[in-house]
Amino acid sequence: MGRKAKFGDDGAVKQIKGPGRKAKKQKPPKMLPGLPKLEGDDEPKKLSHRQKQRASRRTKKKEERKLIKKEKKKGVIRDDNVKNNNEESDATKNIKSEIVKQFSDSNSSWLKSKNSKSIIPEKDDDIESYDSDSDVDDENEKENGLESFDEDGLSDDDDYLAGTLDDVDSSNESGIEDTVLKNKKTSTKKRKAEESDDELLPIEKAAKKLKAAKKKEDAEANEEMKMQINVASQDVFVFPASDKIDEQIPIPEVEQRIKDILLVLSNFNKFREENRSRQEYTELLLKDLCTYFSYNTFLMEKMMHLFPLEDLMSFLEASETPRPVTIRTNSLKTRRRDLAQALINRGVNLDPIGNWSKVGLVVYNSTVPIGATPEYLAGHYMLQAASSMLPVMALAPQENEFILDMCAAPGGKASHIAAIMKNTGVLIANDVNKNRAKAVIGNFHRMGIANSVISTYDGRHIPQLFKNFDRVLLDAPCTGTGVISKDSGVKMSKDETDLQRCFTLQRELLLAAIDSLNFKSSTGGYLVYSTCSVLAEENECVIDYALKKRDVKLVDTGLSFGTEGFTNLRQHRFHPTMKLTKRFYPHTHNMDGFFVAKLKKFSNIIPKNDESEDNEEEIESNNVDTETTEVEDIVEKPVANIKKPKHGRGKNRVAKNK
């Protein structure tokens, strides 16, 4: 890292001291007189590869200029001008007309406009533009005796003369200068590419080759994709023969056939084949969807009945991808802003979950385990899905209330209720599974909840133990068709018997929850029913059953977003107020499939339908008949029904009765 020495100079220059000395370029060192010279000092130094390239370009430039000058001297251009004086080109006419327009007097023939543009560039920027190291290289070449000069007196900085009509005619008609300029531009581009390649490191050259290869592959892939799209758009779907329907085909072909069938069903009259019904296309679509998404036939039929064909594919594809990780801030211990700042400092990338929640945060990625941070262990937040916050928001618990969470495990919704109540009132957190109730205990201790009582009773027997609740939350057990992204086993394991068991249990739990409510409560009397299923049999059908069996009505959930519930679905006809319920889907709201309904109890009266009254009358008549027959049997045979006592005193009583 020394300075370049200049040997053979007399004297040494003293360095100037002062401010700004290091900012200036250091001069080469001067050797003291009398020092011995190194061997090979008089010989010229070898040129670098770049200096040789510059020297060769200068020589080519000189030769080109000599050729142009010789041709001008010979008069080739002048002879051509004389021959073509009468036939002016269109370009010259346009230029002359522009000059005449710019000057109104007779001096327009010899005056030059200030704003006129030259046809031939005055200076070739591509040739004269060098990089930042050009000055240094020129100085080195001058030192080595390679200073360039023009033998004919033309310097490197001479500009081409332009702006007159004679120059324009001569350059355009001869075509020599134009070709020279084009050749120069192409050569400069090649030269720049070569220089850039020479300056790159080997690893940079390899990266450049990889980028070029990738670009080529992408272009080929795009062309192939366009060809496939054109072929697909041109081909018409042909329904397979009956013997080939059951044959197994590759997954890409299954996907393409699904798209074709959806296209046919979207405009059935236009694209269908003759003598083919819609049912045949639908059955083939059902088979392909079961193959492509790995569903059983029963569950896929339910999905096809639930969604239109446009939304069916979106729902099935969204159910395959996991939902974003969300957390809920524990308002008993911290605020959302402070928690977010603490997690960001630990390397967690997060944002507020939305305008609808004041405690939710969505986590995009994290450098630390989100379930093992000091903040989590201290109970500052709870790992909870976004859809699980909605039932508690619909319930809207108040302070100092008596509230029941009938299916509380693992404690996410129950802890949310306790946080909104600010540890006041009484919260009964019940779950029939004792092992899952242990998770509720652990989460309550970690979150600092002190107003709860944890029980493990069967929810159907709750009215016999607890009554007069102000509010009840029932997150009923279900098939889990809304959380397939978390448990993909649902797609093949659930069948009709599982569905029937679920909605039967849900009806019993819902009626028990309504019976445990206090309709005279000044602040409450509300019940929220929710499931993580999208099937109507577990949602609207259960609510419609409760509306017929108890004196309750549907009220607004208070949620600002969500899809309205079904009032009619295929053969089902539900209560008109069912539109007050809310549905949430993964493909529209980016959260787990969920259903939320809010009921208000008005009295303890149990409405009786005609069928139920008839059944009750039949049961009562049967009971009366059995009672009369039993009495007659007792009257006819009184002694036979009395057991003979073994003791003596008993024998005397029997004898006295006789």
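Using the three backbone atoms N, Cα and C, a Cβ is placed for every residue, glycine included.
Automatic prediction, not curation, is the source of TrEMBL annotations.
As given in TrEMBL:
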type	residues	note
COMPBIAS	1-12	compositional bias 'Basic and acidic residues'
REGION	1-197	region 'Disordered'
COMPBIAS	19-28	compositional bias 'Basic residues'
COMPBIAS	47-60	compositional bias 'Basic residues'
COMPBIAS	74-99	compositional bias 'Basic and acidic residues'
COMPBIAS	104-118	compositional bias 'Low complexity'
COMPBIAS	123-141	compositional bias 'Acidic residues'
COMPBIAS	148-170	compositional bias 'Acidic residues'
COMPBIAS	182-191	compositional bias 'Basic residues'
DOMAIN	315-602	domain 'SAM-dependent MTase RsmB/NOP-type'
BINDING	Cys407, Ala408, Ala409, Pro410, Gly411, Gly412, Lys413, Asp431, Asp458, Asp475	S-adenosyl-L-methionine binding site
REGION	607-658	region 'Disordered'
COMPBIAS	611-620	compositional bias 'Acidic residues'
COMPBIAS	643-658	compositional bias 'Basic residues'
Sparsest Cβ environment (other Cβ within 10 Å) among binding-site residues Cys407, Gly411, Lys413 belongs to Cys407
If you count the other CB atoms within 10 A of the CB of Asp458 (S-adenosyl-L-methionine binding site), including all protein chains displayed, you should get 12
Would you count the other C-beta atoms found within 10 angstroms of the C-beta of Ala409 (S-adenosyl-L-methionine binding site) for me?
-> 24
When the compositional bias 'Basic residues' (47-60) is classified with DSSP, how many of its residues are helical, how many are strand and how many are coil?
-> 12 helix, 0 strand, 2 coil
